[in-house]
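Read the structure below first, then the notes.
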Amino acid sequence: MEKNGNNRKLRVCVATCNRADYSKLAPIMFGIKTEPAFFELDVVVLGSHLIDDYGNTYRMIEQDDFDINTRLHTIVRGEDEAAMVESVGLALVKLPDVLNRLKPDIMIVHGDRFDALALATSAALMNIRILHIEGGEVSGTIDDSIRHAITKLAHYHVCCTRSAEQHLISMCEDHDRILLAGCPSYDKLLSAKNKDYMSIIRMWLGDDVKCKDYIVALQHPVTTDIKHSIKMFELTLDALISFNKRTLVLFPNIDAGSKEMVRVMRKKGIEHHPNFRAVKHVPFDQFIQLVAHAGCMIGNSSCGVREVGAFGTPVINLGTRQIGRETGENVLHVRDADTQDKILQALHLQFGKQYPCSKIYGDGNAVPRILKFLKSIDLQEPLQKKFCFPPVKENISQDIDHILETLSALAVDLGGTNLRVAIVSMKGEIVKKYTQFNPKTYEERISLILQMCVEAAAEAVKLNCRILGVGISTGGRVNPQEGVVLHSTKLIQEWNSVDLRTPLSDTLHLPVWVDNDGNCAAMAERKFGQGKGQENFVTLITGTGIGGGIIHQHELIHGSSFCAAELGHLVVSLDGPDCSCGSHGCIEAYASGMALQREAKKLHDEDLLLVEGMSVPKDEAVGALHLIQAAKLGNVKAQSILRTAGTALGLGVVNILHTMNPSLVILSGVLASHYIHIVKDVIRQQALSSVQDVDVVVSDLVDPALLGAASMVLDYTTRRIH
């Protein structure tokens, strides 16, 4: 059994309420069933599964060869708001006995139905861990309130899209308990191949129907605006009658307003109309084939904006029920849908088209990820949830440990030459610092980092410093969410696709944050330096290379692929010198320490570097500092090179001002003081007048990389953790 602290099988209770959530839960249930060494599965069926009017869909669960442990009749008929509330109450009355009998370790709940809210409430109050499937999504209806309420009750979260993951993080959920897996139903969608799909089409729509020459309609009531929902459904049916294509109409969900929608169908004779087939339920594997080969789908079901995109089938999304969801280009929104002509026009626009397949909601590998996630759950961990609230300015909870100890962070700086580890206090004081040469191989480097951090952590105890976590600054591109170095600079070898968080966290039993050196410098300025209290500013680091970080509205910008603030690679000349990145004309190719060293060597080789009062020992490499010294002593060529370098940096700053319009630019690093006056001159000459009042200053921080690494940890301690 995988390492998770458990010495027995995990008892998993899957509770399903209707046909839609079963389509998402079934792939997970099949996956659990295939691993009996790890899991025991109990299935609880309730809600509309057990209602004859909605097809008694519990039978399809039995046909899938699942043993239904418990059937709970929880639906109070009436299909109005009061009936929904009474149904939740009835479920809350019945569920405690079931859960006491089953004693599950974890309950899996899907989506945003009122039945699911009852399940999550019961499990939470009975101290049963909850895994919520498809949290974090936004539709634009009352479903959002229910979904987000379940999120607050749930201990673990499986989401389908990156934006849903970000919503969960914004809701202060613990990132370590969020899995971006994709939609489980996509595992079946993307592997569904049925050469005999025509027999399915004929079975549901008639023998004379051709592929791509029919419509699937699926519309549900919006419970916060039932009257408008009924009117829109009536207009939709009128438009479909007028469009005169064979149409499969599925009955709506058993929500408030559904009874009135069924009355509209019967009033218009839909169940007996030659062009319509009205059905209560279609098995999911057959439904997949029907929507995959339809001329279009119309309605307001989430299926239209989620699953159908996998086939590129045209979709007409009516009203506001799915207004907040991500959609592919196959979806045409008719948000008002207040006239028959408008809906009819949408049908003419969409019917029969074929769009590119969309995989916004999954890649077909959700279930393996979910099973791995389940196996990682440690039942010995405290049940109480932790919420990660945003920083609270200067508002740290006090206890006796806080008073007697110095709250501190371990900061790690991985440079091209040196590896440094420091104990940094809450006030930004470097209490103790360790420096070693950075090894050339991955194994030696990881080993040395661990050794130095363990040594520093032990020393922190002697110094009465309470270490709250580890922050790491490294060159290259970093995924800070995962703590992984994606691509490193050429100065640090064997440092691509490196997981830094896991080995340090496992060894030190502390939380670990990782970011690149440019971002760390910006965070150091935000917490300890001249950026403190500034809403928008940019930091430029002038060292061996050129880096930077951008703070916008007090937050660090990482970019969609963690490549924001590569300021050294802003191009300032079309025919400039080659850059280490493979391009040419970059700021770094002019103004970095490497660039100045290159120019210094050229002058030295031509005997044009040294002037009176200068000497370079034979065993000493010529570098940027020699060029600066020569310029100070009157070397005109050295002065010209520095002027060109400073101008290139200044042009880069002008581009930043025109793009970001920050109120402050901080120049950091050993070359900053040599460039600042030139940069200010370029701004006066080249920048728009509206941005020329920007403050450009030299950083007064001695170790921005270490302080920035520490700030990731120390900022975290100002959050409330419950």
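Each residue, glycine too, has its Cβ placed from N, Cα and C.
As the structure is a computational prediction, the values presented were derived from the model and not from experiment.
Among R101, R113, R147, only R113 appears in Swiss-Prot as part of the UDP site alongside R19, S23, H220, N253, V282, S301, S302, E307, R321. Record check, Swiss-Prot: N-acyl-D-mannosamine 6-phosphate site residues include G416, G476, R477, T489, N516, D517, G545, E588, and the candidate from H348, H569, H626 also listed there is H569. Largest Cα-Cα distance over the residues recorded as binding N-acyl-D-mannosamine 6-phosphate, namely G416, G476, R477, T489, N516, D517, G545, H569, E588, equals 18 Å. The binding-site residues in question are N253, S301, T417, and the one with the fewest Cβ neighbours inside 10 Å is T417. The average pLDDT for the region 'N-acetylmannosamine kinase' (406-722) in the predicted structure is 91. Long-range Cβ proximity for C579 (Zn(2+) binding site), meaning a same-chain Cβ under 8 A and a gap of 6 or more residues, is found for H569, G585, C586, E588, A589.
It is G545 that, of the binding-site residues G416, G476, G545, has its Cβ surrounded by the most other Cβ atoms within 10 Å. When the binding-site residues R19, K259, H281, H569 are scored by other C-beta atoms within 10 Å, R19 scores highest. Looking only at the binding-site residues C581, C586, the densest Cβ neighbourhood within 10 Å occurs at C586.
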